[in-house]
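**Student:** Submitted below is the structure of interest, expressed as structure tokens.
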Amino acid sequence: MSNIQNMSLEDIMGERFGRYSKYIIQERALPDIRDGLKPVQRRILYSMNKDGNTFEKGYRKSAKSVGNIMGNFHPHGDSSIYDAMVRMSQDWKNREILVEMHGNNGSMDGDPPAAMRYTEARLSEIAGYLLQDIEKNTVPFAWNFDDTEKEPTVLPAAFPNLLVNGSSGISAGYATDIPPHNLSEVIDAVVYMIDHPKASLEKLMEFLPGPDFPTGGIIQGADEIKKAYETGKGRVVVRSRTEIEELKGGKQQIIVTEIPYEVNKAVLVKKIDDVRVNNKVPGIVEVRDESDRTGLRIAIELKKDADSQTILNYLLKYTDLQVNYNFNMVAIDHFTPRQVGLQKILSSYISHRKDIIIERSKFDKAKAEKRLHIVEGLIRVLSILDEIIALIRSSDNKADAKENLKVSYDFSEEQAEAIVTLQLYRLTNTDIVTLQNEENDLRDLITTLSAIIGDEATMYNVMKRELREVKKKFANPRLSELQAESQIIEIDTASLIAEEETFVSVTRGGYLKRTSPRSFNASSLEEVGKRDDDELIFVKQAKTTEHLLLFTTLGNVIYRPIHELTDLRWKDIGEHLSQTISNFATEEEILYADIVTSFDQGLYVAVTQNGFIKRFDRKELSPWRTYKSKSTKYVKLKDDKDRVVTLSPVIMEDLLLVTKNGYALRFSSQEVPIQGLKSAGVKGINLKNDDSLASAFAVTSNSFFVLTQRGSLKRMAVDDIPQTSRANRGLLVLRELKTKPHRVFLAGGVQSDTSAEQFDLFTDIPEEETNQQMLEVISKTGQTYEIALETLSLSERTSNGSFISDTISDQEVLVARTR
């Protein structure tokens, strides 16, 4: 019980997770800056090399290699080892593969490899250069997980693997994404930096201008590459290599021969085909994957009159034909994860190779000196051969012979051992010459090795020579094309939309849809799908290339391209705006709908209950970035109770404003200033404290009507309201009563020509064209009344009009609209 310690769970968890984080950072996910390998990759290469599973020998079952690696060096799941081995064999993931594999090792389509019991593997030839000289005490070794064997903590790496093959991985708090590069270019940059240790980044980039992906493609953005090489972080555009191919009959097809690095080809083809299926861009007939053993090929066949460049631009922008590659060059440097630039990577590699060459030279020198000592002894033996033979024959045994040689002729222990084990056939004249030549060679070698160890310039010359040998043997052309500037993809969205005729309908409650002419013509107008408590306020024929603007009572405007509206049957209710517009309020209603071809020209006038008025330009309503999810303001309301009464296009006529208490004011529309969307406007009419605006409309006829809440209706001449100025009180159009006073419910122009466009929202039902302008009134008890407005006689300005029925005064008006 004395070993029990009381510790807080917080401290224990923090300390243990810290250990775990350090382990996975250093021992799992991040590469070493010197050899560019993660621990599992290093163990795979070392174990296969140790077992003799190298390129000059036959292939060996992958399962055997995986078992040896797992049993001796990597005590984790066999799948993690096999997956790492497979990745090192995939030529679309690595610029230079380190493992050669027979059998199915996966594909660019994301297909899994065959099980390890079916595949065979061996080290590639270039992988041998990563392990070169490892037996010469060139790198530190550490005990394996069970202290039964030692493994290298880094490989000698005769070429800069970190840059050549790149790396990617995620650990606790760190991630790395280092792109692959061209072997020749990397070696050229290393050689230049050996000669110029303080070389500028600009100069190094003359030799190493950018990444070189195994899948090719086009890399755009020289400035971002420079930034990444300087700081370790940056982002470049990687674009597929494409060409337009002519077909018979004047048709074309887009051919893709190279795709961005680490893009799944099958998923890419599926996404391109989804564009075709969903008709997101018209003109694609078929998408085919024609890849075979000769190379990658994706064919996108187009219709005869299709705009191939526009379609290609769309696919580049909205599929993985073009992607962004994010540099995040993090590597383990002196047991610490660091974000490193190009100069740091190259200098760390040069420093590592310096240590390797010096340690190798020391090892070779010691070996040469040991051999020279033996050779010197053997040459001396041959000069006194008869005496030596006699001495050996007189000795009792091998040990006695060795002792006699050391005492009588002053041979060392090593020389004595070599003499007594010397085979008789070597005691010939030819062997003497051979030994003398070997002695000379050994002395020259020792001199050379001493120079390498003692003279830095000589050592660097060796380093450069060895790098150039690797380049000469394994150099291959650059696969990725570099372009200095990232091209901005411009898409003519109008050309992407198939122009079709359609009918657009909008209800006051916010339901909208588009309907094909076939469905619309197959039904009557009354059969429109809507809620019982809703009202259809807009139906109009339009083209899918046009735009819909919806203005609400709360001063918001909603934009929708016609082609984005849900295509439904005429009898369907439609899509409610709250499904997509996050700020569409429960009490908000659609006041006015307008279909426009462009936003270049046009003015609107908005009038609020508080009597404020403004004009604003349609240009300001051009689509905003978040139009799919949010509306934007077209007028600022004075308070929470304020509402927009009228919104309509502006014509160069007078405006007539009528208040609930019966005041009417007429003034020129030119008096209303054009203001920005967020302004509240200017005072249109001078309201009394208990009054508010009921209606506003443009004066386009000689008369107008006034309907009160009690159901009284009259028609009066526009001239009875003479033109004055904005912000006045106006004239009364009702006679004040002490009991049951009349209040204006609705007012509007009476059109003598019913085909003329009406600019009051409440009278704007363009879908119904009748011979007469009708006023429909629904009472609170559900009674419906229809009155032909032109049949009404003109009344005096101060009269209260006539009731539309004997009982309407008691029922009162619930809804009124013109059609």
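Cβ coordinates come from backbone N, Cα and C, glycine included.
Just lifted these from Swiss-Prot, have a look:
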ACT_SITE  Tyr118  active site, O-(5'-phospho-DNA)-tyrosine intermediate
DOMAIN    30-496  domain 'Topo IIA-type catalytic'
SITE      Lys38  site 'Interaction with DNA'
SITE      His74  site 'Interaction with DNA'
SITE      His76  site 'Interaction with DNA'
SITE      Arg87  site 'Interaction with DNA'
SITE      Lys93  site 'Interaction with DNA'
SITE      Arg117  site 'Transition state stabilizer'
**Student:** Around the C-beta of Lys38 (site 'Interaction with DNA'), how many further C-beta atoms are within 10 angstroms, looking at every protein chain?
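**Tutor:** Excluding its own Cβ, Lys38 (site 'Interaction with DNA') sees 20 Cβ atoms within 10 Å.
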**Student:** Rounded to the nearest angstrom, how far is the Cα of Arg87 (site 'Interaction with DNA') from the Cα of His76 (site 'Interaction with DNA')?
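**Tutor:** Cα of His76 (site 'Interaction with DNA') to Cα of Arg87 (site 'Interaction with DNA') measures 17 Å after rounding.
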**Student:** For Arg87 (site 'Interaction with DNA'), find which of the recorded positions Lys93, Arg117, Tyr118 come within 10 Å, Cα to Cα.
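**Tutor:** So far as Cα distances go, the recorded positions lying within 10 Å of Arg87 (site 'Interaction with DNA') are Lys93.
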**Student:** His74 (site 'Interaction with DNA') has how many other Cβ neighbours within 10 Å of its own Cβ?
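**Tutor:** For His74 (site 'Interaction with DNA'), the 10 Å Cβ neighbour count is 23.
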**Student:** Sort out for me which one of His76, Arg87, Lys93, Arg117 has the most neighbouring CB atoms within 10 A, since those are the recorded sites we care about.
**Tutor:** Lys93
**Student:** For His74 (site 'Interaction with DNA') and Lys93 (site 'Interaction with DNA'), determine the Cα separation and express it in whole Å.
**Tutor:** 23
**Student:** Which whole-number mean pLDDT does the model give the domain 'Topo IIA-type catalytic' (30-496)?
**Tutor:** 93
**Student:** Sorted by position, what residues of the same chain at least six away from Tyr118 (active site, O-(5'-phospho-DNA)-tyrosine intermediate) have a C-beta under 8 A from it?
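**Tutor:** In sequence order, Gly103, Asn104 meet the Cβ cut-off.
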**Student:** Could you round the CA separation between Lys93 (site 'Interaction with DNA') and Lys38 (site 'Interaction with DNA') to a whole angstrom and send it over?
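**Tutor:** About 15 Å separate the Cα atoms of these two residues.
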**Student:** Could you state the whole-number distance in Å separating the C-alpha atoms of Arg117 (site 'Transition state stabilizer') and Lys38 (site 'Interaction with DNA')?
**Tutor:** 24
